[in-house]
Amino acid sequence: MSRFQRVAVLGSTGSIGESTLDVIARHPEQLAVFALSAHSRIERLAEQAAASAAAVVVVPDAAARQRFLAAWPAGRTPPEIRVGAQALADTAADAACDTVMAAIVGAAGLPAALAAAQAGKRVLLANKEALVAAGALFMRAVRANGAELLPIDSEHNAIFQCLPHEGRASAPEQPARGVRRLILTASGGPFRRHDPLDLHEVTPDQACAHPNWSMGRKISVDSATMLNKGLEVIEAHWLFAMPPERIEVLIHPQSVVHSMVEYDDGSVLAQLGQPDMRTPISYGLGFPERLASGVGPLDLARWGRLEFETPDLRRFPCLQLAFDALRAGQAACVALNAANEVAVDAFLSGRLRYTWISRVIAAALEWQQRQSSVTLDSLADVLALDAATRAYAGNLGLA
């Protein structure tokens, strides 16, 4: 990495955002914070902005702006405060910004991620919805505007590192030459050994108790259901131009092998490392060079053994639903994601049983298939279908 980079961290108070700021702080000679954004943890945003000397912060509304100013250290000049969703997209495209960490969870992060791609930025993509809900649209924007796309999910980042170097960050339209298949690994979450019949009474706290990773509550539930892995299958399809029949999922409880690439000659390349998101984040920030991340060395002798197994689709029906949606097309993927967000929100707030998350998604996919054909040629088209699916899922009487 030869040039100095000013980074916008969108979703800075989440786990990815916090880890990103940790890595940036380790390399003041190469990286600086341009902008930060948060939705609800405004006091933490003020702490981050003060510590990182951010030039800009983005908050959702006027009330959040007042909260930010109230939390700002007395006697210090505050950063520029921008307000609203359009301000978020404008900040992602700002000429003063070189790199955008797109780490806002959910469909709310899609417009800003797309704006960054359209502005030709280096996009560090941690927001799944940009590809799950708008894969074709997003990849076209990357190609048309000369943006760089570096996946930050540990699995996709691992695959990226194991692929041939040519064109990896430029939204390829064909699978990399010589690659037979992609193998995504999954921890299996907290219920890997549970009988499916015992999952009916699962509580939100149980679902959020991930054995290996420290994550937010929504993504922790997605990991427990393996819908998260299903979304990653869809992402891998778009990131690496790989058809679904050449993408496989394996449960790997130790979360040491982050994913693998199998080549036509039978070789399998894997990326291993500690389960710490600072590794893929530092890779994205430093690409094509490598930066120190603060992650300790991997002691394979301590691990002793690494296990792999095929996922049980009776225990993880959401994974099968994701493959079904990918084969059905982009509209089904939009419906899958929207229905899951509604269902997980209902589960976390105590309005839906854990085992009904997959039922809400399945019902939404059936509903989407009954609709007249839709075109998803613009962000407005995607967001309209997203909203319609949310309304349908919310009216099921299940959420």
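The count begins at 1 with the first shown residue.
Even glycines carry a Cβ here, placed using N, Cα and C.
In this view, Ser15 (NADPH binding site) is surrounded by 18 other Cβ atoms within 10 Å of its Cβ, with every protein chain counted. Taken from Swiss-Prot, the feature NADPH binding site applies to Thr13, Gly14, Ser15, Ile16, Asn127, Glu129, Gly216.
Here Swiss-Prot flags Lys128, Ser154, Glu155, Ser187, His210, Ser223, Asn228, Lys229, Glu232 as 1-deoxy-D-xylulose 5-phosphate binding site, drawing on sequence analysis. DSSP gives Asn228 (1-deoxy-D-xylulose 5-phosphate binding site) a helix state. Note: Asn228 (1-deoxy-D-xylulose 5-phosphate binding site) has non-local neighbours Ile219, Asp222, i.e. same-chain residues 6+ apart with C-beta under 8 A of its own C-beta.
Around the Cβ of Glu155 (1-deoxy-D-xylulose 5-phosphate binding site), 26 further Cβ atoms fall within 10 Å across all displayed protein chains. Taken residue by residue with DSSP, Glu155 (1-deoxy-D-xylulose 5-phosphate binding site) is part of a helix. The annotation Mn(2+) binding site is assigned in Swiss-Prot to Asp153, Glu155, Glu232 on the grounds of sequence analysis.
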Rank the binding-site residues Gly14, Gly216 by the number of other Cβ atoms within 10 Å of each Cβ, and give the residue at the low end. Gly216
Whole-number Å distance between the CA of Glu232 (1-deoxy-D-xylulose 5-phosphate binding site) and the CA of Gly216 (NADPH binding site)? 17
One should report the C-alpha separation between Asn127 (NADPH binding site) and Asp153 (Mn(2+) binding site), rounded to whole angstrom, as 9
Cβ atoms other than its own within 10 Å of the Cβ of Asp153 (Mn(2+) binding site), all chains, total 25
For Gly14 (NADPH binding site) and Asp153 (Mn(2+) binding site), what Cα-Cα distance in Å is obtained after rounding to a whole number? 14
